[in-house]
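As recorded in TrEMBL:
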- C:36-554: domain 'Cytochrome oxidase subunit I profile' (DOMAIN)
- C:14-37: transmembrane segment (TRANSMEM)
- C:58-78: transmembrane segment (TRANSMEM)
- C:98-123: transmembrane segment (TRANSMEM)
- C:135-158: transmembrane segment (TRANSMEM)
- C:185-211: transmembrane segment (TRANSMEM)
- C:223-250: transmembrane segment (TRANSMEM)
- C:270-294: transmembrane segment (TRANSMEM)
- C:306-327: transmembrane segment (TRANSMEM)
- C:339-364: transmembrane segment (TRANSMEM)
- C:412-436: transmembrane segment (TRANSMEM)
- C:490-515: transmembrane segment (TRANSMEM)
- C:587-604: transmembrane segment (TRANSMEM)
Amino acid sequence: MVETTGRPIPDPKSSKHLHGTEEEEKNILGFWIFLSTDLVLFACLFATYLVLRTHTDGGPTTAQLFDIPMFTLETFILLTSSFTCGLAVREMRYNNLRRLLGWLAVTVLLGLIFVGIEASEFLSYSSEGATMQRSAFLSGFFTLVGTHGLHVSLGIVWMISVGIQLLRDRIHPTTARKLFNAGLYWHFLDVVWVMIYTVVYLMGVMK
Amino acid sequence: MKNIGQPAKRTFPWSHVTGYVGSIVLTVLALLFTVKAPFSQGSLITILLGFAILQILIQLIFFMHITEKNGPAYHSIAIALGFLFTFAVVAGSIWVMTFGSQVQ
Amino acid sequence: MLKSLISYLQNANLMIQISAVAIILTLVGIVFALTYFKKWGWLWREWITTVDHKKIGIMYLVCALLMFFRGGVDALLMRTQLAFPNLHFLNAQHYDEIFTTHGTIMILFMAMPFIFAMFNLVVPLQIGARDVAFPFLNAVSFWLFFFGAMLFNLSFVLGGSPDAGWVGYPPLSELPYSPGPGVNYYVLGIQISGIGSIATGINFIVTILKMRAPGMTLMRMPLFTWSVLASCIVIIFAFPALTVALALLGMDRIFGTHFFTMLHGGNPMMYINLFWVWGHPEVYIVILPAYGIFSEVVSTFCRKYIFGYKSMVVSLMMISIISYFVWVHHFFTMGAGPGVNSFFAVASMAVGIPTGVKVFNWLFTMFRGRIRITLPMLWTLAFIPCFAVGGATGIMLAVAPADYQFHNSYFLIAHFHQVLIGGVVYGLLAGMYFWWPKILGFKLNETLGKWAFWFFNLGFYVCFMPQYALGFMGMTRRVYTYPAESGWGTLNFVSTIGAFMMGIGFLFIVAQILYSIRHGERDTTGDPWDGRTLEWSLPSPVPHYNFAQIPVVDDMDAWWKMKQQQKEGIQPQKEPLKPIHMPSPSSLPFFMGLAFFICGFGLVFNQFTIATIGLIGVVICMLWRSLEKDTGYYISVEEIKKNEAAVRGL
């Protein structure tokens, strides 16, 4: 049979459930659909941000606020974590739990660094008086980028939970599906970040 | 189809590396264009959005493997519709709300 | 917080104090009855922890009917207040609260659970599945809806109802103009149930795409299932906009941001924009399943295949996509300019095309059919003229320049009540009568049902036709009283009579249900209407595993085809009898809903400790679910055989 990568399609005989594969397939489709609704949720936040972007009420503007090295670093870290996450899911097909967990740990670590940098970015803005209560632009900025950050934080908790389950139950259809979905979620957050990088940050510092 | 019981033969992760390198290159290029500003604002925005779309495609194809399917590709339809409505909300809202620029 | 609640109740008017006492007495009564009849265990095991789609459907239906009652009482209070000029039955504040809760409850806590009841009760049975794709998530959806509705309904005795209209437009709904907890209740109650709605949308899309019986291709799917698919597509893409609009409004109120405020660069129109990005598709979310119900009812009671099946499917899908591109017609008067208004006017009118296709298809199905006038068919027949007029006035409203005259007048009120009552309510009642015997095993009494039908249907025209005229005469919505010189008195009085006729109609439905529980005609065949789709091949009420053997489908209207073949002596194909896998019941969905409720309640009163406790509860529930091993259980072949013999009376 033709090899299809990534998607876990384990041998149903090896699982305890009689219909493991079918269940996991449904779950994965459901998760894709969830991602598409989450995409529209971010679309609404982007729309709000873009409409309110110039409404600075005499407060700091995008160009005054954004720090190029900081957001570039954030982008590199998140893109790298997406890559390591992809490698973790790839190890699943080789049934190599040790390497899988290793890459997963790297991903979680990079995620934590990302959240840390973002938190310090938010704190430094706030200490300069650029809080989310200052102007409509800042409300939109903090909410859009903060919602993404919240998603990343949730993703970290989720990946740790999946890691624990992999340690407990090894690689079998259910854990494989959970890892696969967590991976999808993580890459999806990169999709959103790429838009934030372009629309919020780059267009914010554009001359 | 691959069974978990029989591990696949280990190969170099070409698609992942390609995707990763591609996304880094696009990030750097976008940053360079923004900082050096060799184009007019309108064309720069177009180029940046084009890069962003390429980045999204990299994530979707090289990492999320959206093109793979087992039966009908319902998940691709869902994501495509998601992007259609994303465009509708963002472009529509900006279009509808530009009246504000005269009022505010 | 407690002090402010107590002082609110002390200062509230008599009606609210009476309601508070009535709520406490009802609760005490329920607790007493459950204890006295030793029903706590039954309630917990059979209902609260259930993941069975049929039971969840019944719970949705019960909630929908209760909320229908509450929203209806609100409507009657409003109509009483407006019956005569210069009346002071309600004061302005109380009137504001009542029109707000009437709208919110009817759309979000009556129509939504009612369609979810239909989804749950019918879709898995119609496609030959044993449950929905994610039974656990389905229970989560229900409890989120339930606790969201509870939170919203608590408002009028605990701190005051929202009073900024069901749309909650800022700046009125912002803190300086609505300082009480009312709007917070509105934001959080809807938010919590909205999360459940998105989950339901995902759940049913996967169910329909992945769990159809073998042989049931997409183009052999019953039209109700198609309409649910279309409706769910709209749900998953429209609800996020509501989530965002309400979240940002809530942040303005609770955390002091400036999205929609008048100061610091906020833009109230952006809320209105986002709200209607959800709000207009929402109308199609509730009407599409009603279209599906009409298709099933017409085809069954005319004993014909539906006319133009493919065009029906195409128009359903077209409506679900176009519905996303019409939202600005709710605020043409914002003045976004000729380009914007023309685009959205044309798109709004375009929705009329696929809808027209559907109406003609129903008519052509009836043409030369032998129509049996049963209760579901009666409501369907009443729907067509009512909806045609409602649609026509909708096209009038879609004409952007003319809309500047109609906007927010009683003409608009009459229009949307005509499509929502004449379309959605008639459809859902038809569906309720149609599938009631399948789910509960007995038919609803026809005579009482006809009384209900005539009172409600005639009452509708008496109530709403005068409102079109009142709109032209200049009466705007949300006025709590009017002077005698306006000349609106007579028509308003007529309208109030109509409202009470509809109220009597509703009471007849209640009487009909209560009467039929004892005396209704029992359904022993499982196929009381001579149905066409798979749910009618099952015994009524349906056993908890639905299908002992999954049927094999080879045509549209599968059960009809099987019946024809059986007459010719061909037995229908079925998969062999195997042990059936069932999901285990779980109390987590209930606790998750409760945790959301606690979190929401804390946020309503800016009590962040309570909110955090609730939020931690939510996270614990999610982690618990992720880490637990729930493999379900199996029903053995012997047990299935025994049960099938019992329920099929073999």
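Just so you know, glycine gets a Cβ as well, placed from its N, Cα and C.
Taking Cβ pairs closer than 8 Å, the transmembrane segment (C:306-327) reaches residues 219, 223, 226-227, 230-231, 233-234, 237-238, 273, 276-277, 279-281, 283-284, 288, 291-292, 295, 298-299, 344, 347-348, 350-351, 353-355, 357-358, 361-362, 364-365, 367, 556 in its own chain, all 6 or more past its ends.
Outside the transmembrane segment (C:223-250), and at least 6 residues removed from its termini, the chain residues within Cβ reach (under 8 Å) are 115, 118-119, 122-123, 126-127, 168, 170, 173-174, 183-184, 187-188, 190-191, 194-195, 197-198, 200-202, 204-205, 208-209, 257, 259-260, 271, 274-275, 277-279, 281-282, 284-286, 288-293, 295-296, 299, 306, 309, 312-313, 316-317, 319-320, 323-324, 533, 603. By number of Cβ pairs under 8 Å, the transmembrane segment (C:98-123) is matched best by C:58-78 from the list C:58-78, C:135-158, C:339-364, C:412-436, C:587-604. Outside the transmembrane segment (C:58-78), and at least 6 residues removed from its termini, the chain residues within Cβ reach (under 8 Å) are 47, 89-90, 95, 98-99, 101-102, 105-106, 109-111, 113-114, 116-117, 120-121, 142, 145-146, 149, 153, 428, 432, 439-440, 499-500, 502-503, 506, 510. Proximity of distant same-chain residues to the transmembrane segment (C:412-436), defined by a Cβ-Cβ separation under 8 Å and at least 6 residues beyond the stretch ends, is recorded for 61, 64, 106-107, 111, 114-115, 118, 121-122, 283, 286-287, 289-291, 293-294, 296-297, 300, 374-377, 379-380, 382-383, 386-387, 389-391, 393-394, 396-397, 406, 442-444, 449, 460, 464-465, 467-468, 470-471, 477, 509, 529, 535.
Residues of the same chain lying 6 or more positions beyond the ends of the transmembrane segment (C:339-364) and with a Cβ under 8 Å from any Cβ of it are 291, 294-295, 298, 306-308, 311-312, 314-316, 318-319, 322-323, 325-329, 332, 380, 384, 387-388, 391, 394-395, 398-400.
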